[in-house]
Amino acid sequence: MLKSQLQSVAQPPLLFTSNSSTFATGGPSLLPKRVLPPPATTDLHRKALSTRRSLVVSNSLFSNITQTITKTDVVKAVVKVQPSIKGLLNSLKLSGRLDDLNDFLGQSIYVELVSAELDTATGTEKKKVTGYLQRDLLVNLNDLKDNVMTYEGELKLYKGFGEIGAILVNNQHHREMFIKTVVLSVNGDKVTFTCNSWVHANSDSKEQRVFFADKPGYLPSQTPSGLKNLRTKELEILRGDGTGERKDYERIYDYDVYNDLGNPDQKEDLARPVLGGKEHPYPRRCRTGRSHTKSDPLSESRTASNIYVPRDEAFTEVKFIDFSLDTVKSVIPAVFPGLKSLLTSKFSSYAEINRLYNDDPTKDTDFVDRILNIVKSINIEPFFFDQPELIRRDKHRWDTDEEFARQTLAGLNPYSIQLVTEFPLTSKLDSNTYGPPESAITKEILEQGMKGTMTVEEALNNKKLFMLDFHDLLLPYVHKVRQLSGTTLYGSRTVFFLTNDGTLSPLAIELTRPASSTESQWKGVFTPSEDENSTDAFLWKLAKAHVTAHDSGVHELISHWLRTHGCVEPYIIATNRQLSVLHPVNKLLKRHFRYTMAINALARGSLINAGGIIESNFSPGKYCIELSSVYYDQFWRFDTEALPADLIRRGMAVEDPTAKHGIKLTVEDYPFANDGLLIWSAIEQWVTEYVGHFYPTIEQVLTDHELQSWWTDIKTQGHADKKDESWWPTLDSPDNLVSVLTTIIWVTSCHHAAVNFGQYAYGGYFPNRPSIARTKMPTEEGMDAAALEKLKEKPESAFMECYPSPLQAVEVIAVLAVLSHHNVDEQYLGEAGDPGWETEKEIEAAARRFSERLEEIGAIVDGRNVDVKRKNRTGDGVVPYELLKPKSEPGITGMGVPNSISI
């Protein structure tokens, strides 16, 4: 009657097998022929081969049976177990052979059936029905097709047992097994337990696993009496006791600070501050319990090869293999032996950059030839990156001011553009520390850029001025970053004008160096030039490179990592700690958390760690993740993570009850917002119907102790550094619950998709979005006059020095290719609903309507992308905006909204 534990976890990889004698995750023998059991030569063998252990099930468990059991019923139990590659290798060990013997003797899986109700006479639990399930050793063509193995048995249910509420499972093998389903059948009727979960070996832990039949869910107060203790105990197991180092097979969810990014024991320069706490506020991660470093008692050791995640949160082997192959394929240029030593200097030209891509790999340049010579010398086929969509459509459009501005609305980071509401622009930082707060962008500069069409005051009143404002966020780190080698930094502002055709036009860029003990404050303002070969034009292009590098960093560190990956992990932990798998909110959210903890652990291992890919290739260097902590402290709040609230906060929309989505956009042709609001409304409608089904009254929300504990856990444990903020919503009504759940689902699906799956299209050609700007502006106060002369005489060479080095470029391109890739087992928004919903017509119908609406939205997006009036998503060389088109094929497609942060 209850849904299985962690049922939304994806299945392990499809592995071609035969029905061999090797157990489950121990792996099959891969024999493409019928495998028969050995002859029954002893009484023990005869008994083992003839016995069909039984399961016993109440008739009331099945939807088509309403009568009460008056006699003993025989119920057949069938368990489907999926093999794994790891199990195949382990089957060669002695333990694997012992497990084969268990299969042969029919003692592999031990089960106990639990009645849903207590004994009315005694008020205690009814006696459990127990027995073993036996491996079916004969080849089953359907099992071969589905890549599963079958364990089955029959038990007799005694009179008065009542409705079955749960099944307890013991894996008697020496290896874990992945149970897909348990199906109980009697008299032609069936009930299914959709498990999709790893069950640890009995040798690892004697703790039984509990699974519940597929049902829509129960609020705590609705839990059948016989299941209340199991519901409570399971949550206690998942919470753990907060001690000890976690083991791979465990399913414990607990919180910890980010104290594992540094590696001070390896090198002093790899020490990093703890993120999480008063000094560096941050969301919490999953606790691993690893020992602390010798050099720093506050930092966790990085000696373990794998970072713990609860077992069912880990990648399936299908995901891991596909991800690994993409990784290997993409990073060949970065990790190939001997290549790094050749990739330390700058590119010589744009032509050399273009040779990284497979447009025409036969052209001859020194840089690529050196690579080819190494590759050819050991007979490995030369590798080139696929052309990103941006340059595939038009090799030169990226360099235009029109495209620079368009991407703020329809590119990779649509979360930074904001309305200018005050002028003059003024910093909020301490002027005694950083210098005068007034911007150097004057009224005259802006009006000259607007070509006299209106005054600044008129532009403000008509909501015509917009801005990328990275000034106050970056300025405190400028001098710190400048002490690092190979990088530099400014605080920056970029102002845009909204033209009559609905597009933005850049007016000015301001780059600021703050005051220090040795230097005065410097501010430089740069504007577009009509003479593309003038020094002003070259300076403008360099200034744009700095701004796009700033935007790249803010995008990757904040819009992407912090606001999706980092801030969502506490939601996942709290859901598993406080909401039973029986809880309807758990069932709603589970598919939106798939793979997130696993990808976050990988990121801590090699992406955001000290000396990792982010620090090595983005402008802030060793301060990258610390910078995201600054943003979290100053700007992050749960209530403005909702799309409408985010748009309003940035001045990109205003509340309007008469508008379609309750808000009116400031920029009508804002592709991210246009498409996003369609999906936001669809999610909100689906969640409203879902919540309304389970919580028809305010009282049910207020008295749901699991729900209230879940929300408290998120606020006070997962986001502990924000626990006292007044903006947290209160879960005191169904409407507020709808708002909270819609926001979480939006962030895990649409927000992440919008900032992730276009990374290769826009960042794959790095001059469009350099991850780092390595040189200072030649006009900066104190710079050698020769720098400006070099820009005048050899502008292309100056750009190459500013852009990432070849090694940096190749590493970033490789990583962006991996991150932009949809896996073959991707689950998209509107897919992979809870199996229990099928038993409730109202929920099933609502889920179907949601899925159908998403299909309609996909068609609407297609129509918008051919509407010539929408100039921010159509036109010659323009990449159409498809990042929020709900569905996609596998690969790098620049579209598709998965349910979860799966990459």
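Note that the numbers count up from 1, one per residue, in the order the chain is shown.
From the backbone N, Cα and C atoms, a Cβ is placed for every residue, glycine too.
Keep in mind the model is a prediction, meaning the values are calculated, not measured.
Summarising the annotation, TrEMBL assigns compositional bias 'Basic and acidic residues' to 266-282.
The compositional bias 'Basic residues' annotation in TrEMBL covers 283-292. If one looks beyond the compositional bias 'Basic residues' (283-292) by at least 6 residues along the same chain, the residues whose Cβ comes under 8 Å of a Cβ in the stretch are 242-246, 253-258, 260, 276, 298-304, 307-310, 562, 566-567, 569-570, 573, 597, 600-601, 604, 632, 717-720.
The average pLDDT for the domain 'PLAT' (87-213) in the predicted structure is 84. What TrEMBL lists as domain 'PLAT' is 87-213.
Per TrEMBL, domain 'Lipoxygenase' is recorded for 217-903.
The DSSP breakdown of the region 'Disordered' (266-302) into helical (H, G, I), extended (E, B) and coil residues amounts to 3 helix, 5 strand, 29 coil. The region 'Disordered' feature in TrEMBL is assigned to 266-302.
In the domain 'PLAT' (87-213), the DSSP tally of helix, strand and coil residues is 22 helix, 55 strand, 50 coil.
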